[in-house]
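A short write-up of the structure that comes next.
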Amino acid sequence: MIAVLVAHALAALIAPVLVRFLGRNAFLVLSLVPLASLAWVVTRFSSPHRVSIPWSPELGLGIDLWFDRLTAIMACIVLGVGALVLVYCARYFPASAVRLGSFSAYLVAFAGAMFGIVTSDNMLLLFVFWEATTVLSFLLVGYKQEKLESRRAATKALLVTTFGGLAMLVGIIILSQSTGSYLVSELLADPPSGRLVDVALVLVIVGALSKSAIIPMHFWLPAAMAAPTPVSAYLHAAAMVKAGVFLVALLAPAFADASTWRPLIITLGALSMVLAGWRALREFDLKLILAFGTVSQLGFLMVLAGLGTRHAALAAIALVIAHALFKGTLFLVVGIIDRCTGTRDVRKLWGLGRRSPVLALIAALAAASMAGLPPFLGFYGKETAFTAISETEVLPPVLRWATLVAVVRGSVFTVAYSLRFVSGAFASKHHREPSTAVAEMVRPGALFTLSPAVLSVGGLVAGFATATLVSGMLPYIDQFPVGPEGAKPKLGGSALALALSAFAVLGGLVLFLAHRRVSKLRFEKPPLGNADRAYDAVLRGVDLLAQRVTGATQRGSLPFTQAVILATVIWLPALTLIIWNDWAIAPQGNLGSPVQIGVGAAMAIAAITATRVSNRLSGILLIGVTGYGTAAIFALHGAPDLALTQVVVETLTLVIFVLLLRKLPAEPPRTSATGHHAIRALLGIGSGLLVLVVGLLAVSTRSEVPVASYLPYLAYEEGNGANIVNVVLVDIRAWDTLGEISVLLVAATGIASLIFRNRRFGSAPRISDAPASAHRELHSSFADEDFSEEQLPEVAAMPARRHLQYTEIVWLRGSELRNPRNRSYVLEVTTRLLFPAMMVLSVYFLFAGHNAPGGGFAGGLVAGLALVLRYLAGGKYELGESVPIDAGRILGVGLGIATTVALVSLVAGAPVLSSATWYLALPVFGEIKLVSALFFDIGVYLLVIGLVVDVLRSLGARLDSRIEVERQ
């Protein structure tokens, strides 16, 4: 199972490359991945097994996968239909289609995520894959990103399913706390009960209903028809919308008797089946007919999966298989019609059956299964469903017969819109000649029709293999208690079920023949309200609320914004301390050494003075004193690693502030209101006092031995390092570090977004990119040079980069393009001498940090400081010459290395971010100790360098260019 997930992940990574070389035929190659995975599933169909790899055992999160009969059936649907859809894509998209690389990657990744959903034994892992399908669905539905309709549809699907997913997450956490485990297998083996569990089940059901587009969260599915047809066929017919049905079917054996289970699922499922089926009868777009039909069928499946009996479970699984086959076929047929005729409107399709009889036959077979006609699997599934509902004893009589009436009525609508689909798409109607769209159609090729043909024939073949299907489903069905149907249920129904099936067919036929009257009915005011309008009203309300809150709190004034934040930070903890008055602060006798007291006093004086100065630069320098003072306190307490990092961070921060000050006046505007100063003073003093009180309170109320007392032992014995700080960062608390470096990447992106409007790719400008104005400045700098009269014309005609060979000494290449009045030869010489030493020192910190002061973070900061020095001495062109690499690539490589190292331990069966130590005997060097955490530290090192380069490129080089333009 791990191999299947990894194969899909790797295929998604290489998909854009394959598309670049093979074009749309790359889909044929990619289809081999789910096809091979399907072969693996089939060979192990009858062999349940489990895989468990620790990830974060303390959080209850692990890669726990299981393979039972329900999982095998769903995996066959996901992988089989996925492979056929990929084959279909090879001819659906024209050879000139854009963004096929990303589309193919998303589609293959989606197949892998769906496989992860159906095989997850850990509920947290299931949620991760669940949300992955949500994000990938957003990307796939929004493939035509230039169209507003696609963007709105993708956003609607994302918001609705994300809401359901978050509700489900809360339910998962409550269930796990009730059972003490996140494993689904343990939850099913010993299901908890109680009122809190009922609440958790409601939340989980909300997530399932939102994913399966059940009323009232159904409206995203018809809107999602703006997606390309392969997406509709796979996500919205065979895979994604089945996730909710799968989750209900998975939990039904344990929770079907819960008080909230059946009333909620059956009521909303039956309502969806009836209303959506009725709505499908008035649509003219073939895709929308299928979309509302899908909502109707999903409601039917939810009723059966939620009923919680053996017969209903059998009917649910049979109809899940049948639905994937016939609805996948019909969506693919619609895609062929759309591509070949240019329309999906049934009013414009006349005589298509004559022009393409093979396509008509494929659609007719699938529609017959959808309508529940024998001998298709849809017929046997529907008859079994009628029998299960009519004979069940788990529902009160009133609810049982109301449910039966609803599903029979929905079946009537199903037959009617099945006939409407086939007639609307292929019938000649009252016209003798084909329509223009049909007359000028391009006939589909064999490869284009292969996938829908396979699926439609599959529905017919499955109808003749009901006994085999039942034997394959028995291990899942046996989880339910034996009811009136006996221990061995079979596909098919009673005499009542047969009569109801006949009634549904005849009623659907009559309703289809009266389609003109039905099509005239309008639904501007549906009885239960319009879900789309309700969704739009909610969004408008949220936007209005956001505007008012933003208008009240974000006035474009940085002091006001900071005041709101600080006031919140002060009053919430202060209010808690006031309410919880059972606390006391123990006196602290040790105030530190005289040196520490002196440093603290200097920091306080600098901070107070910073509030009184009127010059921005002076204020920043004074604030810097507090940072350097903090580094001094770290050093006084024997933490050279922290002190080193603090010094470098403070220096870089000062440089960034100075770069920003170039765009600001030297002095801030004076405020006339004296009350502002009082408020600021109050907030500042309040923040300081709160931090002091909370810190003293934390020390005074401590009842257990601090965790920090164990860190030296853990660092030395478990982490094999003498530098406690570094070992904590890259080993003991490596999860925190991975999160922090991810935040650094986001911060770099945020800074770049303040400067770059559209794109942030590319390195800082290089000498070869210098404009003519820079060349002229360089030419003028040679006016007093010792060139002969014969050389001067030649020098003036040369590009800027070749002038450098005429100078006797070039300390920094980029500085040669700067205005001579802005150059400092002393700084250039100093930089040229210090830069190599600082880079060597940064590498030393990187490799020595496990046992001595340093580490990847400190080393990266030192390297960044060296690049800052080089930029300040040589300007923007020197930055480009120093780092001729896109900063984004450095950031990505750094995070990629750290993430890869974190995952490598999984190969050895250890939790994520586990470390290993090797002792190597090398010539000359002797025996050395190599810790795997070093490679994680290398990722941190590169990411920090990338952050500094990105900041220098954004706030340095880019602002330099703007300032030069403003001065011209």
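Our numbering is plain: 1 for the first residue shown, then up by one each step along the chain.
Glycine is treated like the rest: Cβ placed from N, Cα and C.
Curation does not apply to TrEMBL; its annotations are automatic.
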Q. Which range, 2-21, 642-661, does TrEMBL list as transmembrane segment?
A. 642-661
**Q.** Candidates 66-88, 288-307, 591-610, 853-872; stretch with most C-beta pairs under 8 Å toward the transmembrane segment (642-661)
**A.** 853-872
Q: Would you report the average pLDDT that the model assigns to the domain 'NADH-Ubiquinone oxidoreductase (complex I) chain 5 N-terminal' (59-92)?
A: 91
Q: Please indicate, using numbers and ranges, the residues of the same chain that are 6 or more beyond the transmembrane segment (591-610) and have a C-beta under 8 Å from a C-beta there.
A: 618-619, 622-623, 625-626, 629-630, 632-633, 636
(Q) Based on DSSP, tally up the residues of the domain 'MrpA C-terminal/MbhD' (602-665) by helix, strand and coil. (A) 52 helix, 0 strand, 12 coil
Q) Can you name the far-off residues of the same chain, 6+ from the ends of the transmembrane segment (853-872), with a Cβ under 8 Å from a Cβ of it? A) 640-641, 644-645, 648-649, 651-652, 655, 723, 725-726, 729-730, 812, 827, 831, 834-835, 838-839, 841-846, 878-879, 882-883, 936-945, 947-949, 952, 956-957
Q. With the transmembrane segment (233-255) as the reference, which stretch in 124-143, 261-281, 288-307, 893-921 has the largest tally of C-beta pairs below 8 Å?
A. 288-307
Q: Would you kindly check 124-143, 288-307, 893-921 and say which stretch has the most C-beta pairs under 8 angstroms to the transmembrane segment (737-756)?
A: 893-921
